[in-house]
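Data first, discussion second: the structure below is written as C-alpha cells.
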C-alpha cells in the first residue's frame, strides 16, 4: 500500500452552463453592478470549491479563479499596468483590469496570445519600466475565502515568476535577470502573507520548465526558489510543470521546493524514463499528473494505476500526490449535462468533475488497495472497451482510404507563379484588394432564431429563409462598403469547428461542453470520437446563394484539418496525424463540391497551426510536415484558376515561415494588429513569394480604429511586402463584434485603403 494524496491544479471558471461568461457580459453591458458581479462570481467559485471538497480532493486549488486571465491577474497583483491606462498606483480597479484586456476608446488593449500550445489566450504582460509592488494579494483573498466560507484549507495557485516574465514583452536577455531580481521580493511578500494566514501549501506554476531552453537558465530557477525557501522555509511549495516532460529533470527535481509536479500524460513517455534513470529525492513529494487535463476521454484506470504503482517505487512512502496533468481549465465542467449523448460515447467521456472522480479512485486504490475500488475500475474498463470496439471507431471504408494515401495527389498542378496569373485574369482585383476573414456579427436576433430552430419553435424553411435574409443583407452591406472579395457571413454557424463537426461522420457536438478561449469567449469543441468521413455537402448551399446575389467573388469558407484537430477533443486511441488526414480527405470532397458549384475563391482557415506546435523543438518537424500534408490533401485537387486562401491567428511566425509557404495557399491572411511590428520584421528578413494580408485592425476589442491608425499599419507592412502581393483585411472574423462598430471599422478600413491605393497609383505613374 502507498499513502497517496489527491490534488487538483485548477478548475474551470465558466460554470456548468456558462454562468461566469453571462455575469461578465452583463457587467460590461451595464446590466448589473460591480457588487452584483462580485456576488454572482463568488457563488460560482464557492460551488466549484464545494464540489472538489465533496469529491474528497485533499489539495484543492484556490486563486485559480479569474475575472479574465490568470496572467493578467499576476500583472495587476504586482502593478504591472501599461501607462496608457493611467493607473494611479493603488489597487487596480475592476474597470481598469478589464480595460487592459479589452481596450477602451483612448487606449488599445494589451496584446493577447496563446497559452503555450493550447487554445487558451493570456494577456501579455508589458514589462518595460516594470517596478513590481504588491498592490493586491488575490491569492490571499481566495485562500481566506475558502477557509472562512467552507472550511477548506486550500492550496493557493500562483503563476511562477520565471514563466510570468518569459511570457511578457519589453525585456531583453540582458535585462531579464535584473527584472527577475525585482520580482523575487514581491513574490516573497505574497508568500509570507499566505504563510501568516495559515497556508500550508502553495502551488507555483512554471510551465516554462517544460519547454526547450538553454540549460544555463536553470540558474534562474535556482535563484528564485532558493530565495523563496530561505524566506518561507516551512511553507510547502509545489513547483508545478505541465504540457511536456522536463529536459533538465535532475536539476528541476533538486530545486529547494517541497514538491515537484510532473506531467506523465503529454510527456511522450519521457517522464517515467527520467524517473527510472535518475530517481527522485526522498525528502520531496512527487505530484504525478496522470489524468489528462487537456482531453475529455475516460482514462484506462488499470493502466494509470499500473503507472502510479511504478512511480511509487521511486518516491518516499507518504510523498506521492495523484493529480491531473494540468489545470482542468481546458476541459468542460461535467458530462452530467450531456444526457442525450450516445450511451457508448457518453460512457467514454470524462470532463472536469469526472476527472476528479478518477483521481479520487486512483488515490484510494493506492492507499487501500485496488479491491477497495474494484467496481469503479471495472466500470471504467468496460466503458473504454465499449468505445474502442464500437462501429464508431471502425469505419472500414475510411481506413481503406487512409491506407491508399500514397496514390492521392497533394500538389497543385501548376506552381504559384504560373497559376496566380490565371487567377488575376478573371478576378481583376485592384491594388491592395480588400476582404474580411469570414464571419460577421451574430446579433441577438441571429442567436435567438437559431435557438428557436434548435428547439423546434420554427420550421427548417423559416430558419433557412432567415439565414438567407441575413446573408443578403450583409452582401449588400459589403457591396456598399466597396469590399472587393466578399464572404457570406457564416450566420448558420455557431463556431468554425463545431459547425463542421455537426456535418462530418466521427464527430459529436455537445450541449454544454464549453471551455474558455479568452475573456468571456467560450468555445464548445466537438468530440472526434471515431473515424471521420464526408457524408453531405457542408457549406455549398450558403456559399452558392451568396454568390448568386453579387457579381463580386464570394469566398467559400472552410476550416482546415489541423485547426479542427487542435480545437476539438480528439480521440486518443490513434495518432492525431491519422485523424488529420481523415479530416483532410473529407474536406477535399467539400472543396471540390464548392468549386463544382461555381465558387472559385475558397478559404481554408488554419488559425491554430502555430499554437499546436509541440513545446519541444525536436518534435516540431514531424508536426509541421503532418500539418502541411493534411492541408494540401484538402486543397490540391482544385483547378489552377481557383484561388485558395488561408488564415492564421495570433502566432510567432518567424520560425515557421517556410511551413506557411509550403502550404502553397495563394493568399494568406495573418492576425497581426496587436503585434504588428514583430510580424513585419519577420517579412523584412525573409522573401515570401505568395500573396498576403496582414490584419490592419484588432477585432478582439470593441474600439473602432481610426483611418490614420489603419494607414500606419498598411504603410508599415508595405515596407516589407511588395505592394502587388498585399491584401487588406481585419485581423480575424467579426462574429463577436456588434454591427455598428463592425461597419464603422470596415468603413475606416476601406477609406484608409483607397487613400493608400491612390498614393501608390500616383507613384506608379
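Glycine too: its Cβ is placed from the backbone N, Cα and C atoms.
Keep in mind that this is a model prediction, so the values were computed, not measured.
Database features (Swiss-Prot):
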BINDING   18, 19, 20, 21, 114, 567, 611  5-methyltetrahydropteroyltri-L-glutamate binding site
BINDING   437, 438, 439, 490, 605  L-homocysteine binding site
BINDING   437, 438, 439, 490, 605  L-methionine binding site
BINDING   647, 649, 671, 732  Zn(2+) binding site
ACT_SITE  700  active site, proton donor
Completion exercise
Nearest by Cα to residue 438 (L-homocysteine binding site), of the binding-site residues 114, 567, 611, 647, is 647
Completion exercise
Here the binding-site residues are 437, 439, 490, 605, 649, and the Cα closest to that of residue 611 (5-methyltetrahydropteroyltri-L-glutamate binding site) is found at 649
Completion exercise
Mapped onto three states, the DSSP assignment of residue 605 (L-homocysteine binding site) reads strand
Problem - Inter-residue Cα distance where the pair is residue 437 (L-homocysteine binding site) and residue 732 (Zn(2+) binding site), in Å - result: 5
Practice task
Could you measure between residue 490 (L-homocysteine binding site) and residue 21 (5-methyltetrahydropteroyltri-L-glutamate binding site) for me? Cα positions, answer in whole angstrom.
Solution key: 23
Practice task
Looking only at C-alpha atoms, tell me how far residue 671 (Zn(2+) binding site) is from residue 21 (5-methyltetrahydropteroyltri-L-glutamate binding site), rounded to the nearest Å.
Solution key: 24
Handout entry: When distances run from the Cα of residue 20 (5-methyltetrahydropteroyltri-L-glutamate binding site) to each of the recorded positions 605, 649, 700, the nearest one
Key = 700
Handout entry: Same chain, 6+ residues apart, C-beta under 8 Å of the C-beta of residue 437 (L-homocysteine binding site), given in sequence order
Key = 487, 605, 647, 669, 729, 730, 731, 732, 733, 734
Fill in the blank from the handout: Candidates 19, 490, 605, 611, 671 (binding-site residues); min other-Cβ count within 10 Å returns 19
Completion exercise
Most Cβ neighbours within 10 Å, among the recorded positions 21, 647, 700, goes to 647
Handout entry: Longest CA-CA distance among 437, 438, 439, 490, 605, per record bound to L-methionine, angstrom
Key = 14
Problem - Among 18, 114, the one of these binding-site residues whose Cβ has the fewest neighbouring Cβ atoms within 10 Å - result: 18
Handout entry: Integer Cα-Cα distance in angstrom, residue 19 (5-methyltetrahydropteroyltri-L-glutamate binding site) to the residue listed as 'active site, proton donor'
Key = 21
